[in-house]
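Heads up, the thing below is written out as structure tokens.
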Amino acid sequence: MAKFRQMGSSIFFLFLIIISLCSAHKEAFSSTDLVQMECLRVPPLEFAEAAKTVVDAITKAVAIVSKFDKKAGKSRVSNAIVDCVDLLDSAAEELSWIISASQSPNGKDNSTGDVGSDLRTWISAALSNQDTCLDGFEGTNGIIKKIVAGGLSKVGTTVRNLLTMVHSPPSKPKPKPIKAQTMTKAHSGFSKFPSWVKPGDRKLLQTDNITVADAVVAADGTGNFTTISDAVLAAPDYSTKRYVIHVKRGVYVENVEIKKKKWNIMMVGDGIDATVITGNRSFIDGWTTFRSATFAVSGRGFIARDITFQNTAGPEKHQAVAIRSDTDLGVFYRCAMRGYQDTLYAHSMRQFFRECIITGTVDFIFGDATAVFQSCQIKAKQGLPNQKNSITAQGRKDPNEPTGFTIQFSNIAADTDLLLNLNTTATYLGRPWKLYSRTVFMQNYMSDAINPVGWLEWNGNFALDTLYYGEYMNSGPGASLDRRVKWPGYHVLNTSAEANNFTVSQLIQGNLWLPSTGITFIAGLVS
């Protein structure tokens with residue numbers, strides 16, 4: 001608790017510094033800087049006071065949750081309490097990151113340079129953490145959940161208030177569409193990378209042979225470590241340099257967690273289904289969805305390449321996460337995420353997935369991250385009898401959040417086990433997990449595995465008029481719009497101007513932190 005009280009006063013001081021930068025005098029900056037620095041809707045002091053209110057609310061919420069720690073025993077309630085304390089701790093730290101984006105060299109290595117966008121992302125992540133804390137009490141004692149919900153309500157209210165005080169980023173110039181024939185080449189390699197991926201890291205991502213690694217993991221004892229978890233623990237804390245862990249071919253049965261203090265780790269395997277990290281935690285076996293992940297990463301700037309992450313619990317065990325990602329500015333390249341329900345938990349922050357294989361049944365790409373998926377293989381599997389598949393369940397719960405999923409240039413199809421059951425198992429593009437769920441499919445190939453109505457309700461009319469679901473220029477037998485849902489929140493994007501709002505350059509301000517040209521990372525659309 002002393003830690004949180006100290007954090008309250010320090011964050012208040014940090015906010016005073018950052019807001020002075022946001023609202024700095026116009027003559028001190030170029031016209032480009034001015035767009036970035038004038039990021040607040042309210043006077044600086046009001047913003048600082050609101051930030052302190054958030055930290056105070058978090059401190060009180062932790063005190064309430066912690067009261068149940070020793071009384072809960074070993075149960076889902078106990079797991080939920082542990083989750084809550086960790087999540088609220090992360091929420092408080094996310095508020096302190098604001099200073100790093102503008103003053104600290106460490107922060108510059110892991111931010112976009114757009115103070116307003118960074119603020120909105122990190123405040124939204126704090127809101128997601130509060131919400132996930134409460135979600136963890138699903139299926140537990142109703143009295144405890146009610147008490148915790150009461151303690152968290154002030155956190156949610158104050159974080160939402162803080163979010164309204166930050167300007168939305170201005171629209172960026174529309175990228176020039178790339179011709180379709182160029183797009184074909186884009187699927188063959190990955191030669192252009194985000195600007196924050198350093199030249200040395202680009203070489204590591206491009207080469208098939210890892211000759212230099214800070215740590216080598218090998219199950220057969222030929223490396224520095226035999227487990228991935230030990231290699232992660234040995235990595236330096238808050239590193240501003242890339243720390244490379246080579247995980248050799250093999251099957252690693254362990255639950256790996258890269259905590260928030262482990263920055264800039266790059267984990268390289270020997271290929272999809274050659275290096276496999278596997279586990280079987282599930283909701284049915286007493287784990288919260290958040291804690292069920294086989295692999296979880298919260299440290300900034302994480303990069304993964306050529307690895308399979310899987311959860312083998314099976315469809316009968318319900319929520320069973322293969323990978324949970326809270327890394328900000330993270331990259332997953334040529335990785336596989338295999339599971340059934342809730343395979344990929346893109347929980348919060350900003351991430352890019354390229355040339356990945358993602359398989360599952362119910363809500364198998366879900367969470368409240370701002371994430372772009374390009375050139376991926378997204379495959380629905382056979383689940384329980386009479387069960388409906390839903391590919392996405394995006395978790396945006398406030399209209400001011402910048403979060404959402406864009407799936408672009410990808411192949412949406414059935415996995416081999418579902419091909420024989422297409423007539424009995426319906427697969428949908430997504431359903432609204434939270435009130436302002438936002439997902440757009442653009443320029444993908446959709447097989448006949450996709451049900452003609454396209455999208456699925458969560459619970460009756462819930463969120464149908466507040467969600468934002470969109471489709472633009474998809475192809476294939478599953479892409480026909482003739483029988484799509486008629487919900488108020490569903491949109492057929494008829495023009496490139498509409499679709500451009502969900503491209504890399506607009507959704508995640510990629511013209512600032514991603515390269516705006518290059519045949520393998522496309523900032524805009526394909527003509």
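Using the three backbone atoms N, Cα and C, a Cβ is placed for every residue, glycine included.
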Listed alongside Thr289, Arg431, Trp433 for substrate in Swiss-Prot, from Gln310, Gln319, Gln387, Gln408, is Gln319
From the disulfide entries in Swiss-Prot, identify which of Cys133, Cys376 pairs with Cys356. Cys376
Rounded Cα distance, in Å, between Cys356 (disulfide bond) and Asp342 (active site, proton donor) is 16
Of the binding-site residues Thr289, Gln319, Arg431, Trp433, which one sits closest to Cys376 (disulfide bond) when you measure Cα to Cα? Arg431
Cβ neighbour count (within 10 Å, all chains shown) around Asp363 (active site, nucleophile): 26
Ordered by sequence, the long-range same-chain Cβ contacts of Gln319 (substrate binding site) under 8 Å (at least 6 apart) are Ser282, Phe283, Thr289, Ser292, Gln341, Asp342
So what's the mean pLDDT when you look at the region 'Pectinesterase 32' (214-511)? 95
Could you round the CA separation between Arg431 (substrate binding site) and Asp363 (active site, nucleophile) to a whole angstrom and send it over? 8
